[in-house]
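Per Swiss-Prot, these features apply:
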- GLU264: active site, proton acceptor (ACT_SITE)
- CYS298: active site, nucleophile (ACT_SITE)
- ARG116, ASN169, TYR170, ARG297, CYS298, THR299, ARG451: substrate binding site (BINDING)
- LYS192, THR195, ASP230, GLU391: NADP(+) binding site (BINDING)
- GLY245, GLY246, ASP247, THR248, GLY249: NAD(+) binding site (BINDING)
- ASN169: site 'Transition state stabilizer' (SITE)
Amino acid sequence: MAATGVLAEIIDGDVYKYYADGEWKKSTSGKSVAIINPTTRKPQYKVQACSQEEVNKVMDSAKSAQKSWAKTPLWKRAELLHKAAAILKEHKAAIAECLVKEIAKPAKDAVTEVVRSGDLVSYCAEEGVRILGEGKFLVSDSFPGNERTKYCLTSKIPLGVILAIPPFNYPVNLAVSKIAPALIAGNSIVLKPPTQGAVAALHMVHCFHLAGFPKGLISCVTGKGSEIGDFLTMHPGVNCISFTGGDTGIAISKKSGMIPLQMELGGKDACIVLEDADLDLVAANIIKGGFSYSGQRCTAVKVVLVMESVADALVEKVKVKVAKLSVGPPEDDSDITPVVSESSANFIEGLVNDAKEKGATFCQEYKREGNLIWPLLLDNVRPDMRIAWEEPFGPVLPVIRINSVEEGIHHCNASNFGLQGCVFTKDINKAIMISDAMESGTVQINSAPARGPDHFPFQGIKDSGIGSQGITNSINMMTKVKTTVINLPSPSYTMG
């Protein structure tokens, strides 16, 4: 499908180009990678299959461009980011169309992702000027045994080349959440988008290109993970990796060497429901948290842990709401759309079959057509079922009945994941106690898990990640402290 208008330069025939040195290029490999439309299950787009040699050239350009960019005034960096944000919003329709066709994101949600991304870039520009515009001044005599003979000046300087690897489910938003902090902090960026979502990411990168960033500062390489995946993450030219995705991140962390890592690797986000909870509120949040974008969100509700005494009432309320969810193509803004791939659908079906064999109660009939899976609530799930522990990344939600708060906390903490969780109760003291006890990076009280607003800290523990995201944390993570010490010939005291 050919691009039109100002975006036409990024495509050659039916294959989208990759971006390097401020230009859109065809790969010398002569190969391409097909992107399958999850709804039609037919090829929708093609992108370049970049070679390792092309990655080497990108890294050289990124290193060179970063040296000049680090000398660019903060206000100028921010100015260009604001410009990119505005262009991103101008092209929201074209980018959203790609999201609909590449990852089956409902049309309205696709537009929202692009607009949200523009807002993130602008906020990052403003926050970066504040954070990076301030340093620290220390004097030596504040430590015992020292006279005031040393002045210490500290500042934050860029790391160098940042490798950004976003996931398929938010290929634009979770790309700019890495790109914008890196750029405002004075780094260069090499983006490796997911295959599903690569064209949307290329359109997004084109907006940064139109904003006028220096050549080589931003690169976007596409291709097969088997060819350039490890080559990128182990490349000696990379000074930091920001990765969002699955357990591939664990392998990356073992291979990447001594560089800073920012990792978000998924979760099994638990929803603990106490006896005094507002069940209407809980049911609404279970629907929003568990089934939005067909459950393909790291922060989706992945398991409901509800007190036995209110379980029947809650399950009935959720069943009523599940029945009202629309199912169909993303172009129709359906609530439930196809999952991203056939392999994903097969994995989800495997979890469902395991639960069926082991006696879970099906609140709806299991139904699947191609990659489209109808929303399913599974009651009376037990810990011996795979769905109790594994992340389905689909519209299937298990309910585990518990007899005590401690039982719910134990199940939550027994997971190898620790991204987010939530607790519903009218007792704020109990809520805080449970939040403290849950081994999760974030705990929401009386609301479903969520990433955002984008300036909030966002982090996982255990196998859910390394480090913390959010605009401020990402800017800080993509810098290092530089210290300059002025040595005085004799002690100097103010008004001395």
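Going from the start of the chain as shown, residues are counted 1 onward.
Cβ atoms here come from the backbone N, Cα and C positions, even for glycine.
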Spatial neighbours of ARG451 (substrate binding site), counting only the recorded positions LYS192, THR195, GLY245, THR248, GLY249, GLU264 and Cα distances within 10 Å: none
C-beta crowding around TYR170 (substrate binding site), within 10 angstroms: 26
Nearest recorded site to THR299 (substrate binding site) by CA-CA distance, among binding-site residues THR195, ASP230, GLY246, GLU391: GLU391
Additional residues surrounding NAD(+), by Cβ distance to the GLY245, GLY246, ASP247, THR248, GLY249 centre under 8 Å: PHE243, ILE250, ALA251, ILE252, LEU265, GLY266
Largest inter-residue Cα distance among ARG116, ASN169, TYR170, ARG297, CYS298, THR299, ARG451 [record-listed substrate binders, Å]: 18
CB contacts for THR299 (substrate binding site) [other CB atoms within 10 A, all chains]: 24
Where the record names LYS192, THR195, ASP230, GLU391 as binding NADP(+), the maximum Cα to Cα distance in Å: 25
Candidate nearest ARG116 (substrate binding site) in space, where candidates are the recorded positions GLY246, ASP247, GLU264, GLU391 and distance is Cα-Cα: GLU264
Largest tally of Cβ atoms lying within 10 Å of a Cβ, found at which of the binding-site residues ASN169, THR248: ASN169
Among ASP230, GLU264, the most crowded of the recorded positions [Cβ within 10 Å]: GLU264
Cβ atoms near THR195 (NADP(+) binding site) (within 10 Å, other residues, all chains): 21
Least surrounded among the binding-site residues, given as ASP247, GLU391, when other CB atoms within 10 Å are counted: ASP247
